[in-house]
Amino acid sequence: MILFTLEHILTHISLSIVSIVITIYLMNLLVHEIVGLYDSSEKGMVAAFLCITGLLVIRWIYSGHLPLSDLYESLMFLSWSFYIIHMIPYFRNHKNHLNEITAPSAVFTQGFATSGLLTEMHQSTILVPALQSQWLMMHVSMMILSYAALLCGSLLSVALLVITFRKNFEIFSKCKSNNLQTGAFSFVKFKYANEISNALKWKNNNLISFRNRNYHRYQLIQQLDCWSSRVISLGFLFLTVGILSGAVWANEAWGSYWNWDPKETWAFITWTIFAIYLHTRTNENLQGSNSAIVASMGFFIIWICYFGVNLLGIGLHSYGSFALTSN
């Protein structure tokens, strides 16, 4: 009872801390970045990471198994995985735009896990016979880590597409505006020569400002492309290990390496999508927005694989689904 109460306290403390961190991130996005606020947000993420780590350890102790047996526990582990990805650049003292992805992902995942929808799963139960295996830790942990990495990388690709679209739209608008101004110079007769000079200076200043914005935007796009590629590559490695270990476990439990279960089918689709993404990265002509489109498609495929199949509550991987908890 004491451990359960402590787990409940740590859950709400970590959720409160991350909510404050999200507020700070939004403030930094809306106004100029304040160094003190940024440092406080990073320390808050470290504190929240320690809280959720303690929460998972406590649940592991009183349940007797790694907390990955149902949807609630897997969501909490997914949130913890987002923290892990967030901590890597922090301890390397490397600032990047990954923080704006991992922090909201962690709080939204943890918030849903602790909501009233999954109340019946908060109490740990005895594992069903099929899950009482040493492969539970290997297979499920690799799959959840891969989901976290692939989701973060996909969101970075979505951000890349949004910025690229806005850049192309501004270039189109600028060209259209320049054409209109050129036409105006052809037909309008200025009364004084200094008016022409001022107009030309205004036009040149705008052009320089536009080029500077384009240069910084180009740098941002390159950073997003680089980080999304790195994170997705890591997630693809975890996903491959998770699928292979799951096949070995399935052979031990059910006598077959592959059964085309809904979960297995969508895991294979997910693997295929990101294999295509990594293949496009080998071609320079397909890098950037083209590969980002593939990764953005993968974002939705992951949620179908991880969460959608659980909503159906069918197949060999229906442990801890909504259908089972309602019985």
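Heads up, residue numbers simply count up from 1 along the chain you see.
Glycine is treated like the rest: Cβ placed from N, Cα and C.
Look at TrEMBL and you will find 12-32 (among others) tagged as transmembrane segment.
The feature transmembrane segment is assigned by TrEMBL to 44-62 (among others).
The domain 'Cytochrome c assembly protein' annotation in TrEMBL covers 68-317.
According to TrEMBL, the feature transmembrane segment maps to 74-91 (among others). Within the chain, the transmembrane segment (74-91) has long-range Cβ neighbours (under 8 A, six or more residues past its boundaries) at 42, 45-46, 48-49, 52-53, 55-56, 67-68, 98-99, 102-103, 105-107, 109-110, 112-113, 118, 140-141, 144-145, 147-149, 152, 231, 320.
If you look up TrEMBL, you'll see 144-165 (among others) marked as transmembrane segment.
Among the features that TrEMBL reports, transmembrane segment is placed at 231-250 (among others). Among residues of the same chain six or more beyond the transmembrane segment (231-250), those with a C-beta under 8 A of the stretch's C-beta atoms are 85, 98, 133, 135-136, 138-140, 142-143, 145-150, 152-154, 156-157, 256-259, 264, 267-268, 270-271, 274-275, 277-278, 295, 316.
Residues or ranges marked as transmembrane segment by TrEMBL: 265-280 (among others). Distant neighbours of the transmembrane segment (265-280): 143, 150, 232-233, 235-236, 239-240, 242-243, 246, 286-287, 290-291, 294-295, 297-298, 301-302, 304-305, 308-309; these residues of the same chain sit at least 6 beyond its ends, with a Cβ under 8 Å from one of its Cβ atoms.
Counting same-chain residues at least six beyond the ends of the transmembrane segment (292-316), those with a Cβ under 8 angstroms from any Cβ of the stretch are 71, 147, 150-151, 153-158, 160-161, 164, 225, 228, 232, 250, 254, 259, 261-263, 266-267, 269-270, 273-274, 276-277, 280, 322-324. If you look up TrEMBL, you'll see 292-316 (among others) marked as transmembrane segment.
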